[in-house]
Amino acid sequence: MAHQNQHQDTIDSTEVEVWDSRTAQEVNKSLYPPAVDSPFTLNTHLSAWRWACTIILGTVLVPVRVSCIVFLLILLWPVAVLSAINLPTQPTKPIRRWRKHLIKSALVFLFRLGFFFAGFLVKVKGKKATREEAPIFVSAPHSTFFDAIAVVVAGLPSVVSDSQLARVPLAGKCILVTQPVLVKREDPNSRKTTRNEILRRVKSKMKWPQILIFPEGLCTNRSCLVTFKLGAFSPGVPVQPVLLRYPNSLDTVTWTWNGFSGFQVCMLTLSQLFTRVEVEFMPVYIPSEEEKKDPILFANTVRIKMANALKLPVTDHSLEDCKLMISAGALQLPMEAGLVEFTKISQKLKLDWDNIHKHLDQYASFAVSSKGGKIGIEAFSRYLKLPISEPLRQLFSLFDRNQDGTIDFREYVIGLTVLCNPSNTEKILQMSFKLFDLDEDGYVTERELTTMLQAAFGVPDLDVSTLFQQMAGKDSDQVSYRTFRRFALKHPAYAKLFHSYIDLQAAYIYSLPREV
């Protein structure tokens with residue numbers, strides 16, 4: 001890869017370094033090989049020696065650090081309450097300049113002190129851009145809730161956050177101070193609303209705070225950079241990449257859907273002598289005219305820049321892939337290969353997830369009308385209103401388990417239901433049950449239940465007979481929806497899956513990536 005243009009040498013050292021699109025033309029692909037393992041899993045093995053050290057240090061450090069943090073929270077409470085007075089949850093104009101500087105300076109100091117008490121040693125590289133230079137920060141890789149350090153180091157810019165968090169007593173007040181872009185999970189139009197609000201702010205002549213976005217949309221294990229969502233890139237304005245590194249011999253901070261729990265992450269991290277973290281502000285990237293019109297190209301170029309600086313590969317995994325890991329294990333493919341394959345095929349077909357969401361009920365009607373029968377590629381094409389093409393054949397083959405040229409369209413609809421409604425467990429259960437209640441009498445059989453569970457939740461190798469007897473009783477050969485729902489919501493085997501749905505609803509991707 002060619003080096004950055006030499007004109008940077010003439011820029012005053014106090015200015016923020018800038019990349020424009022011309023200096024990125026040479027970047028066609030990452031310098032590093034593609035990722036193979038799934039970025040959504042974490043298998044950390046602690047040796048006996050590590051466990052012993054952690055327990056000994058934790059016995060001393062955790063009580064001291066927790067006491068210091070609690071004391072700090074007592075100080076933070078009145079500051080946060082006073083700061084949030086008269087601040088609306090959906091601001092229409094920026095807060096006054098004097099108030100912004102006074103409040104944020106106090107909060108930044110207290111938050112930095114809190115991370116210090118928790119044992120974090122923060123190293124900052126590069127120079128933060130001004131709003132005029134870059135209205136948006138994009139930070140990656142996103143691997144833990146401790147990544148909030150980037151928000152603090154950046155001076156508490158606005159963040160994209162769940163509207164529910166604004167109601168949390170202390171955290172909600174602190175979030176309101178940043179004038180966040182709040183996302184309503186229950187609103188099917190949340191993506192469009194969020195995108196429009198970001199666009200309104202960055203294009204406004206008013207002095208809105210800069211916005212910091214984690215474009216990956218979910219936590220990974222930092223082994224690669226997954227597909228970037230397009231919210232930060234759709235406005236077509238300059239962005240400043242912000243890199244996050246945790247150069248520690250033992251990784252205690254990573255929080256993925258099947259790794260350490262949030263409580264375990266906190267306890268393990270507080271039990272370390274210290275935890276290093278590096279926050280690096282990269283040069284501002286100015287998009288070309290082509291990239292302004294094509295946010296996918298813009299996002300991929302920035303992602304490759306960041307990956308090369310981190311010496312990490314990029315991968316076609318996306319947020320939808322992580323949902324598929326939980327919901328579509330029945331694809332009968334090696335997990336990592338199946339995820340990337342689905343993303344690539346979806347990209348080629350230009351699947352519009354907003355449009356799919358609107359047509360779910362229609363798809364369900366088609367599936368129910370088939371009464372459990374198989375459909376071929378022609379009917380599949382007709383249902384999706386897509387021409388028969390090689391990408392469509394590839395998508396079809398993912399669900400054609402025995403390669404006989406037919407699929408059960410109901411399973412495809414259940415998979416789409418999970419992808420489009422990750423936060424609505426009730427909707428998923430209702431749709432699944434409806435599709436397999438062939439005679440519409442409110443009951444399903446053991447065989448139908450087996451297929452439904454595999455398609456809806458990706459739970460392979462279930463002892464279905466035992467499970468069915470637990471749900472229906474020994475003398476019953478069918479299960480009602482009420483019985484199924486009550487069992488599914490209470491059974492421990494499903495609790496983690498439902499919890500994962502809640503964790504993964506943080507955002508959706510606006511589009512799917514091009515290959516790089």
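Even glycines carry a Cβ here, placed using N, Cα and C.
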Record feature N-linked glycosylation site (Swiss-Prot), assigned residue among N28, N221: N28
Cα distance (Å, whole number) from T406 (Ca(2+) 1 binding site) to E448 (Ca(2+) 2 binding site): 18
Length of the line joining the Cα atoms of T406 (Ca(2+) 1 binding site) and Y443 (Ca(2+) 2 binding site), in Å: 26
Residue distribution over DSSP helix, strand and coil in the motif 'HXXXXD motif' (142-147): 3 helix, 0 strand, 3 coil
Model confidence over the motif 'HXXXXD motif' (142-147), averaged pLDDT: 90
Rounded distance in angstrom between the Cα atoms of D441 (Ca(2+) 2 binding site) and D404 (Ca(2+) 1 binding site): 31
Greatest C-beta neighbour count within 10 angstroms, which of the binding-site residues D404, T406, D441: T406
